[in-house]
Amino acid sequence: MKKFDNLGLDNIKEIFHNLSYDELNAHEKANNEGLSTDNDTFCVDTGIFTGRSPKDKYFVKQDPSSKYIAWGKINQPITKELFDKLLTKAKQELSGKKIYVQDAFCGASLQSRKAVRFVTEIAWQAHFVKNMFIRPSQEELENFKADFIVYNACKCINEDYKQDGLNSEVFVIFNVEENIAVIGGTWYGGEMKKGIFSMMNYWLPLENKLSMHCSANVGEKDDVALFFGLSGTGKTTLSTDPKRRLIGDDEHGWDDEGVFNFEGGCYAKTINLDPEHEPEIYGAIKRNALLENVVLRADKSVDYADASKTENTRVSYPIEHIENHEPSLKAGHPKNIIFLSADAFGILPPVSKLSKEQAMYYFLSGYTAKVAGTERGITEPQATFSACFGEPFMPLHPTVYARLLGEKIEKHEVNVYLVNTGWSGGSYGVGKRMSIKATRACINAILDGSIAKCEFENFEVFNLAIPKALEGVESTLLNPINTWLDKNAYTETRDKLAHMFVQNFKRYEDVKEGIEFSKFGPKI
């Protein structure tokens, strides 16, 4: 118990430290924390919070970190006094109880990883941490020294939030100087995952290393590919390839040695999960995986089509559950980077080659377009721009990440492509969704290098280089103007989308890099 004195908890009844999967499973069952499915996967309900609470996330405003953090709606400031008050409250919640302490690494690169200790009173949350982070060896556990501690007091709420000037009784707070995070009022496991991701996005760029919200895989010739894209763009599907080993599906770093996964597991959406279309994820849901907010049938099988609790049903599992993964969780420098956008306006080409400067522009734009349905059945796509394809998790100014990306692209001569997995031949409602077959053909041509041999032409207004012909893709598809019957509607929509890009980018022009990068966007 002595080694846990620095946690600041009183009268702890018992500490369950780094339990095995079997031990965690026994505790989950004994504590009645959920149910087991027909194949013995444990399944929990995260309560009213079935997703992250971005409006309740704060950083303590103090020096020296205050001069690096980009303060605003995403990185909200909180005082040291209020942090201390809520940390004390969380510690009181965790005192006098049985607690679970789970130690893990974030980052598969020895020179860049961080050691994180998680403290919780819920066994399944320790299980989630064991799945999602890198599991230390026995020797590493014996010499474990935490760089950062997360207190997860999910049962603790802040009743005084109004007088404290906060948004709700939930709080997720990061104290960079003291290397502590505290979570209260939400049971959602993803807060721990994305919280440490946010911290990696603070630490690494200050060490001149890039942190990224992307998936990564590696081919038989050790050629590494990175896939960036917002939710619904096909990032997980397209990076899962039987011919390539999965490095990771969501969070990566890029240091002097190459690319490395931050995590030791995957956190996949399970809504409408189909064993035929996503056999790898379906096969990964077995003992040691942890299902969240799914609905079980009477025979304890999972009804993946049931969204009655939430659309955001999830499963976490150790990456070993994916057969074709890269065991070291790392590889060399990327050969190709692919930005995925599901453009519901039907304007972006199926594939375009980007210059280094354009890569920085489209990385900062982080564009996709979602389809919003209305009750009368009228649909108008909604443009979504998320800096660096992961704005909610980036504590520094987005141009910091873009500059690092540009430097690495140049140094390692990386090819960068923009791939549209969205609509063609018209906007949503008129055009049709790009076929997965055509998108796969574009991705394969990038990965096998055959696209480099193509003849390219300029795509007007956006000034993108697009291939004139590409094996496996109808030539008419390659330039969007050829796929629209109504050319006037095409020109109007193209100019409208270009204008959205330009307007969005104005927010980066508060720094000189932003002004510099803005030259490489669409020209209206």
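Even glycines carry a Cβ here, placed using N, Cα and C.
Binding of substrate is annotated in Swiss-Prot for Tyr188, Lys194, Arg314; the matching candidate from Arg52, Arg433, Arg440 at the same site is Arg52. Most other Cβ atoms within 10 A: among the binding-site residues Ser231, Thr233, Thr237, that distinction falls to Thr233. With the fewest other C-beta atoms within 10 Å around its C-beta, Arg52 stands out among the binding-site residues Arg52, His213, Arg314. Here Asp250 (Mn(2+) binding site) comes close to His213, Cys214, Ser215, Glu263, Cys266, Tyr267: these same-chain residues lie at least six apart in sequence, with C-beta atoms under 8 angstroms from its C-beta.
Counting only same-chain residues at least 6 apart in sequence, those with a Cβ under 8 Å from the Cβ of Gly229 (ATP binding site) are Cys214, Lys235, Phe339, Leu340, Ser341, Ala342, Thr368, Phe389, Thr421.
Ranked by Cα separation from Tyr188 (substrate binding site), the binding-site residues Ser231, Thr233, Thr237 are led by Ser231.
For the pair formed by Thr233 (ATP binding site) and Arg314 (substrate binding site), distance between Cα atoms is given as 17 Å, rounded to the nearest Å.
In terms of C-alpha distance, the listed binding-site residues Arg52, Lys194, Arg314 place Arg314 closest to Thr237 (ATP binding site). In the three-state DSSP classification, Gly229 (ATP binding site) falls within a strand.
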